[in-house]
Each structure stands twice: as C-alpha cells, then as structure tokens.
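Beneath this line is the structure, given in structure tokens, with notes to follow.
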C-alpha cells in the first residue's frame, strides 16, 4: 500500500481532487480547503513506521496519497498545467502516442486549434496535454491557451468577411503596427486564422491582419445577421429540410423533418462566407429562418 503514497518530498504538488489541510498528522483538526488544480509547495514528509505518510506544507498537513497529490517538476510554471480546454500551437510539432513521448505520431502545424481532453503526467511530474489524436507538449514555448471569450471570435476561416464597423488593418499578428483603416461595409477575403501570443484569433488577409472579433466583423454571407456564427450546440428544425454532404451544399444527403433536434459539432463556412452547421450527419443550414437554437 505504501507505493500509493509519496514517501520522499516531491517539492511541490498539484491537487488532483478537492481536499483540506489539517493541523495535525493524524488529520483530527481540519483546516482550510484546498481545491483541485491548486499548486502546493511541500516542505517535508511526516513518515512514521506503519502509519500513513503526510505532506508537510506551509498551510498544514496534507494527504500524501498519489491519487490526490500529483508530483510536478520544479519548473511547472513553464507549462500549462491548469487544464486549458483549448490550446493553440505556437510552432510546428507532433502528437505522441504515449505520455512519455516515446512514440511520435501525426504532425501538427503552427496555429492549429486543439481541444484538450485532460492533463496527464509522466512519472517525473511533467505535464502533457491529452487530445483526441494523442499527447502534445504543455510547454508554454510551444502552446498557448485559447482566449477565454473565444465564442466572440472566428476560430474557423470565414473565407470572406464584411466590416461591421471601421477598424484598422495591421502588419503583424500582435497588432503592434497599424497600416490603414478599413471602413464599415468593406468586404475582405480571408486567407486563414492565426493567433497572437496570448491566444487571440486574428484574420489573416492579403494585406495583413484583421480582428476576428464578431463585434467588428461578420461572415460575408451574414450581412443581415440571420445566420448562426457562434456554435448553438443544439438546434431544432423549423421546416422540413435535408443534410448535405459538403459545406457548399452541392451534394444533398438524408432528409430531416421539422421539429427534429440536431446536435451541432461546429460552424464552417463556404468560399463566399456563408455559415453552415456541421453535424455528424453532414452539413445543415445555419439560417435562423430554418433552424432555432435549443437551450
């Protein structure tokens, strides 16, 4: 049973579950709560023969059970360890098939947006980000957390946008150097999405970088604001319609009846900037005259 506990001072740990500090090694006097994900410095181990080890911290005694206390590397703050739901690649890199990075997997390019399933650790306490395609580094030199209010931004290429208000075009993704102002109503072709060092999406255009904020720009096909440009997650059909096999709606798929509830995976855009709802059955119109959000 002792293998389930830290018996050597780990230096610092991350809480894997909510727990409490205690005023004594027998855990008779409960102290302050400590929440899941907290980084806690450890100054020593209270380890008595035939008794359960305890971690000694500046705030009191804490469980040494490895199911609750995850050992981490000394430079843990150089890593994203606090479960970022989405990260963006800052450089080209690879997925790996295992947490120890012994088996290289698929290539992943700079500016790829990746959903994180969990944060796992090597035996030495190095965090890795688990994804649907394998493990990626959690090192902040390679990945950054997606901005928290990401629903306010385009993270899929809309291909063409219309300026909702006048705003500046920039020569760099960090928006340090403005080049010229684009007036309200201007149509702009978009080459792709890139991200700032803080995980803010930008629209890459032929002339430079433009905000991806939906308060400033909208998809060219959404001039009347009658399309969903933020994933509604679930919609109900307001009329009989059908799914399509591609985003351009050139290949019709199965029929879908009025009042059917459909789960939406993402929003994608045609070459002309018309939003579509991506589902497991194919693509569906994002027009609010045809579908309504279900809460």
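For all residues, glycine too, the Cβ spot is worked out from N, Cα and C.
Sequence annotations record features per position, and here TrEMBL assigns domain 'DUF5776' to 5-68, 79-143, 153-217, 227-291.
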Per-state residue totals over the domain 'DUF5776' (227-291) - DSSP helix, strand, coil: 0 helix, 32 strand, 33 coil
The domain 'DUF5776' (79-143) [mean pLDDT, rounded to integer]: 96
For the domain 'DUF5776' (5-68), residues assigned helix / strand / coil by DSSP: 0 helix, 29 strand, 35 coil
DSSP-derived helix, strand and coil totals, residue by residue, for the domain 'DUF5776' (79-143): 0 helix, 32 strand, 33 coil
Secondary structure composition of the domain 'DUF5776' (153-217) [DSSP: H/G/I, E/B, coil]: 0 helix, 30 strand, 35 coil
